[in-house]
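Accompanying notes for the structure given below.
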Amino acid sequence: MFNIYTLPLILIGCVLQDHAYPADELMPLTCRGRVRGLEPSRGDVDDPLFLGMLWRVLKDVRLDNDVVVSVFETNIRVLGGLLGGHSMAVMLKDAGHYMQWYQDELLHMAKDLGLRLLPAFNTSSGLPYPRVNLKHGVRGPESRTGTETDTCTACAGTIILEFAALSRFTGDPVFEVHARRALNFLWEKRQRNSNLVGTTINIHSGEWVRRDSGVGAGIDSYYEYLLKAYILLGDDLFLQRFNIHYASIMKYISQPPLLLDVHIHKPLLPARTWMDSLLAFFPGLQVLKGDIRPAIETHEMLYQVTKKHNFLPEAFTTDFRVHWAQHPLRPEFAESTYFLYKATKDPYYLEVGRTVLDNLNRFARVPCGFAAMKDVRTGSHEDRMDSFFLAEMFKYLFLLFAEEDDLPFNVEDYIFTTEAHLLPLSLSTTPLKSHEELDDSNFDWTCPNTRLLFPDPAFPRNLRDPIRSAVDKSCPRPAIHREPGMGRPPLRAQDFMANNPDHLELLRRMGVSLIHLKDGRVQLVQHATQAVSAVAAEDGMRFMQEMMELSSQQQKEQLPPRAVQIISHPFFGRVVLTAGPAQFGIDLSKSITGVRGFVTVAEPYSGCAELSNAAFVQGRIALLQRGQCMFAEKARHIMKAGAIGGIVIDDNEGSSSDTAPLFQMAGDGRNTDDVTLPLLFLFYKEGNILLEALKEYREVEVLLSDKNMGPYFSSLETRFDSVTISKWPVFQGSVVTPNSGPNSSGA
């Protein structure tokens, strides 16, 4: 009945019984139970620690405890465990072999717990408070909770499976109604342009507190429960919403094999340069969706990272180095491995599962169980074995290797909750109908047959091979016929120039594409599978990481805004345009007087070649258009022509300092000590004011200065005639007087 992979689960059950009961978790290094209040708190992880082992729960556990618990953790671990236990008990009883004594005791306890969680949903939005007191509810004098304002998206959006199951098991709709209300509110608060959700939301106002978006920590199970709610309950509305979200995930977040966080309002901008291990569930969800190819790619990346570090680090960089070194025995990678094997029957995933199990036995096993890894690099342990390790890790590993006769039921008749508890699909026979219109176009590519997608049995291997070589830096690098530089060293980030055709061709060979954004910037995206070879893909990974580190370093070197002050007739210093600084050249904040001069337009206007009007530029401040070459290159060309300064004007029509954040010009990765003049940046609207002034008055003198300098010419000329003022309505709202304060221009 049981294979060799069942034995560790049986042994751990015995150890829990002997050393941990009645505590909910085992401390495997000290061989004792983790008792709430007697051990150092671990925050939300400890919040559900009041429930004893399930098989003795009916005898010993009481729920009317004066404890504050996490609504999210208690729902998925405790309520889900009770409902899953009830499902299994009913299944065994109906089969006529076991548990004939069972009279829905676990379900009664589940309803008691559900009622104790309901006060958390007493908000104007319907989003639950993150914590509730099981005895006193929320916001009462004895509750010690209810002052919280924020919750994570996953915390509020991972309720529907357990609450809907509880409603349909008991016939009381109140639980499902509250779970649907929370999901409806999250859907309404999605960012309408990107169709993404943030990580943290205010439960009262619905404002996003953290606007970064991904598929990992803080959001993960929200997406999971949308799709699984459709599978469990049969309500098409959930599938419609999931498909809309999924299209945006694949458009903005998925960069196979990577999954990178972005900003919900600017989804083309990456929010961080590392990934967290919780996203390892996503390939499994893609299998349920029916999108197998990216599932294979991301899973293979995760597997190679696992092999490189023995475990999946809690967070790792885009070049697969350790970012956070802990590994609390998370099960998400084993979960995705199981689902991919179920979908493809590829024995490769049995090898993956064996690697996971071997690493657990080699590195995490201790006399009283399995200990979490404190640092995957050193192999040090924490005295911790979370409940999800048993609920999920061993369950998925057992199911991965189980033969059909190892199971007394058909797994296909159940859906796994996020904590791997089983709920029967028969619950969908009594659905609550949705009255909203359904867009059939959102069902495209849902659950296709994998044999139609992959008629060639070698196709999955062809997807995996480039990723394997890219991650495993110990692979030999062939010296002959090297890609992409054909024998030359690969392109480095500090050498890259966006206008260099040779560099663009090298990017293409490395699988890196260059996207021109509407605001004039460029974005680099890599698809390892599009590289000309595995070595080229590896070079591309390294290039992308270098570029991220270079960008991060430049962002850390933030400089305050600068000013372009028009000081000639008829302005006399009363017009100030907010300007962005450069990370090279003269630092105007260290100049007492700034740099003063007449402006002239460079020829060529781009400043990307030697100036043809150098004689006219000499001794003046050159006006340049953004684009076609690096800012430092423009500075060198106008300096060679004898200019005393430069102003770069944005070529993105309509941009303004009123609506855009301060733009800071970066160098080209080389030493820029040779640039000895100031270079400032004006958005299109402000630059156009300067160009119009030059067009009308021909001789326009400006002062390039620190933003904090006062009126420059107030003592020399204070007279404005009414005719002159009426000609410049464009100044309203775009130009301020220095007396208005250093930040009043919207910089």
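Backbone N, Cα and C define each Cβ position, glycine as well.
Among the features that TrEMBL reports, signal peptide is placed at 1-17. The annotation active site, proton donor is assigned in TrEMBL to E73, E314. Taken from TrEMBL, the feature active site covers D220, E332. The Ca(2+) binding site annotation in TrEMBL covers T418. Here TrEMBL flags 599-690 as domain 'PA'.
Structure with TrEMBL features highlighted.
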| residue | record | contacts (Cβ under 8 Å, 6+ apart) |
| --- | --- | --- |
| D220 | active site | A154, L278, L279, F281, F282 |
| E314 | active site, proton donor | D276, S277, H323, W324, A325, Q326, H327, P328, R330 |
| E332 | active site | S277, L278, L279, A280, F281, G284 |
| T418 | Ca(2+) binding site | I76, G80, T158, L161, S221, E224, Y225, F281 |
(message) Can you tell me how many other Cβ atoms are located within 10 Å of the Cβ belonging to E73 (active site, proton donor)?
(response) 23
(request) Give the residue counts of the domain 'PA' (599-690) per reduced DSSP state, in the order helix, strand, coil. (result) 21 helix, 18 strand, 53 coil
